[in-house]
Amino acid sequence: MRGNDVILENLSMRFGDFVAVQPTDLKINAGEFFSILGPSGCGKTTILRMISGFLSPSQGRVIIGDKDMSGIRANARPTALIFQNLALFPLMSVRDNIAFGLEARGIGKKARQDKAQELLSLVALDGHGDKLPTALSGGQRQRVAIARALAVEPSVLLLDEPLSALDLKLRQHMRAELKELQRKTGVTFIYITHDQGEALTMSDRVAVMNKGVVEQVANSDEIYANPATPFVASFVGEQNVFKGKVVAKENGYAILETPLGKMLGQNTQGLNQGDDAILFVRPERLSLQEKPGQQNSLSATLERRDLEGPFVNLHMRAGEHPIAIHITNVDQTHQSLGTEQKLWFAAQDAVVMRPGELASE
Amino acid sequence: MNSLIKSYGKGLTALFVGLTVVWIAALIVLPQISMVDRAFTYEDRGGAAATLSLEIDRAYQEVFQISTSLDDLRAEKEALSSGGSAASQQESVSALDPFATPAPTPSQGVNMLDPFAAPSASGSSNRTAAQIEADEAPLIAKKSELEAKIVTLEAKEKASTDTVGLDTSYSLKNFTEMSSVHLQVFLSTMIYALCVTVMAFALCYPVAYAVATATSKNKIAILMLGLLIPYAINELLRIFAWVMILEKNGVLNAVLDMFGIIDLQVGEGFRFVASNGAVFTVMVYAYVLFMVFPIYNTIDTLDKNQIEAAKDLGASTFRIHWRVVLPHAKPGIAVGAIMTFMLSAGSIAVPEIVGRGLHPDWFSQVIYRRFFEADSWNQGAAYSLTLLLACVVFILFNMAVFRVGIRDIAK
Ligand SMILES: Nc1ncnc2c1ncn2[C@@H]1O[C@H](COP(=O)(O)OP(=O)(O)OP(=O)(O)O)[C@@H](O)[C@H]1O
Ligand SMILES: [Mg+2]
């Protein structure tokens, strides 16, 4: 099995007046684990269905391995789709499920069975071949769906939130398995999710989508550390958000006038004095330190303390402004509620951006 | 039962159960038992006894006629011997006769009164006594011969009523004595009903699939309405609508005429009614809903992603249906097939109205005639029991073929 690259050229989809996917250009590399991350209804599934051939785009085209897919129907494309609900055939045995794609290609019974056996081992389901899918656990069914898709040796595997039906533990376990399978097979994975944890942990690269627009394509670290838009900044991970006006800028940094006082952050978008702006600071970048005389110092009262185990979430309030802080569960974690605390963050940990839509989560 | 009591209370539950028992007993079990009882009761009424009594009746009638003729001849003889008085006597006879012509001859008057009189009696009035006696002799001989025959026949009848008579013992004769014509009608009805079922399935499956997989809500509503509206109309009206279409001077021929395929003016035109095709068409139309809905219901519960998954894995349309949709729809198909088969095998309105008696009989028509025309309820009961058994066999066969249980069907 070998992956192919997938190129989306000016691809867009319109349902009546509603544009589900704005014109998009994207190149997904051969053998890459590529995720599309976005909130519900942003057009992820629509993109996937255009790649798999179930939807013909209103505009633009899909190219898989140098081949234009326009006019090629779903059952003739080198893609295989894994559905959110898996869509296993409940009346067929696990083995027949896996061999279905080969059966559809007119491959003989013996060869089918052999291939099915091979795939059963690949997904660690030896001995379960004669069961019905309903007799398997959620994780096992998941693996059957993957084996069934891999049986037809696709060069691109499309996965539409395949883990969303599983419980948390299993989901985390399956992440590792999926990543391992992808590495073993070398097939291009296009993985759709609204779960940033999945996207960040498994992917080589992530595309963050909002309202039919791909806002940023980068690897996980880049997405997390250097979000390109306010939406990406607020959708991936948590953020403390401060709104204000730029009062000064100097060598890559901007000073914002906010209701909580002056704040300094990286001016990645090159804002000018007088511009409205938003400043983002991640909760783990805030520290309970007093740095007298320094910029970016705040004082807030502790309202709630949530112990997560390895780290602690502190919910504080500075005037009317809620502030979230994550600290590791190492020391100084027993703050008493209602006490006023001094906070501080470094200027290089804060990003100043032009105002834009924020994720509503 | 306990859950019923819990949710409805004791009184209401007792009422439910009571009503159900009454309903089952009075409307299902009792009629069926009496039907079965009749079916196995053999009543010998059509056979030898009936022929005998008919023959005896006929003989008595003949004897009566002959004796009337003999009376006439005797009267003539007396008139000859008593001379003139005969004229006045004959006049009085003709006066009594309301059909008498204004100027009746004496012999004509007698003739009118007695149409059975021997031709010799209407001869000229001046017949000799010898001539009359010559006429009399063969009649007397015939009469005595008939009387002898009656005696033997009556003896025979008496003997037969003692042994066979109205034998109301239980027997399988009602079933085994099905004439070959009726048996043939029965078998062909089974085959016709099977044909109707297959045709209904062939028609309904694509429709049910299309409706069940339609994505737009409006489309589903319109399709449903289209299917349901015809069924708001009385069944007879629906059938007659087809008669209007298929008549020799009906809509279909008019359309063909319009396109110049035939010319109604010179009497061309197909006689569509009273053919197998017409009966099948109307029957499929009449019972199509009972096929569409069960199939629609099962396909509707199919996860449409499975269809897409099959397509995605490279399956052809045929394979998608054969491996994914049909297996899932099996219970619905079984229910639809059973309902359509039973309705069409038992249908009487369609073959009666569309078939016009020219189409080979449907078995239900035979049953009807057994009951109400041949007045043979026992045989009718036996025939309907046969039909019922055939339907039960069909149900079991269906369940075996589709590998569905009663439970699946009940769903
Ligand atoms: N066939 C359709 N007709 C009209 N609108 C559609 C159709 N399919 C999708 N849409 C709309 O397009 C938008 C994007 O849908 P899509 O299924 O791609 O979302 P998604 O990102 O996959 O969301 P989710 O995470 O909930 O699955 C939605 O607002 C949806 O209502
Ligand atoms: Mg989706």
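Cβ coordinates come from backbone N, Cα and C, glycine included.
The transmembrane segment annotation in TrEMBL covers B:12-33 (among others).
Here TrEMBL flags B:81-96 as compositional bias 'Low complexity'.
Annotated region 'Disordered' per TrEMBL: B:81-100, in sequence order.
The transmembrane segment feature in TrEMBL is assigned to B:185-208 (among others). Note on the transmembrane segment (B:185-208): residues 178, 223, 227, 276, 279-280, 283-284, 287-288, 291-293, 295-296, 299, 329, 332-333, 336-337, 340-341, 344-345, 360-364, 366, 383, 386-387, 390 of its chain, located 6 or more positions outside it, place their CB under 8 angstroms from a CB of the stretch.
Annotated domain 'ABC transmembrane type-1' per TrEMBL: B:186-398, in sequence order.
Per TrEMBL, the feature transmembrane segment maps to B:220-245 (among others).
As annotated by TrEMBL, transmembrane segment applies to B:277-296 (among others).
Feature annotation from TrEMBL assigns transmembrane segment to B:333-354 (among others).
Through the fold, the transmembrane segment (B:381-402) approaches residues 35-36, 38-40, 174-175, 178, 182, 186, 190, 330-331, 333-334, 337-338, 341-342, 345-346, 363-364, 366-367, 370, 409 of its own chain, all at least 6 residues removed from its boundaries and within a Cβ separation under 8 Å. Among the features that TrEMBL reports, transmembrane segment is placed at B:381-402 (among others).
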Using Cβ atoms and a strict cutoff of less than 8 Å, what residues sit near the transmembrane segment (B:333-354) while being 6 or more residues removed from its termini? 189-190, 192-194, 196-197, 200-201, 204-205, 235-236, 239-240, 242-243, 246, 273-274, 278-279, 282-283, 286-288, 290-295, 298, 326, 361-365, 368, 387, 390-391, 394-395, 398-399, 401-402, 404, 408-409
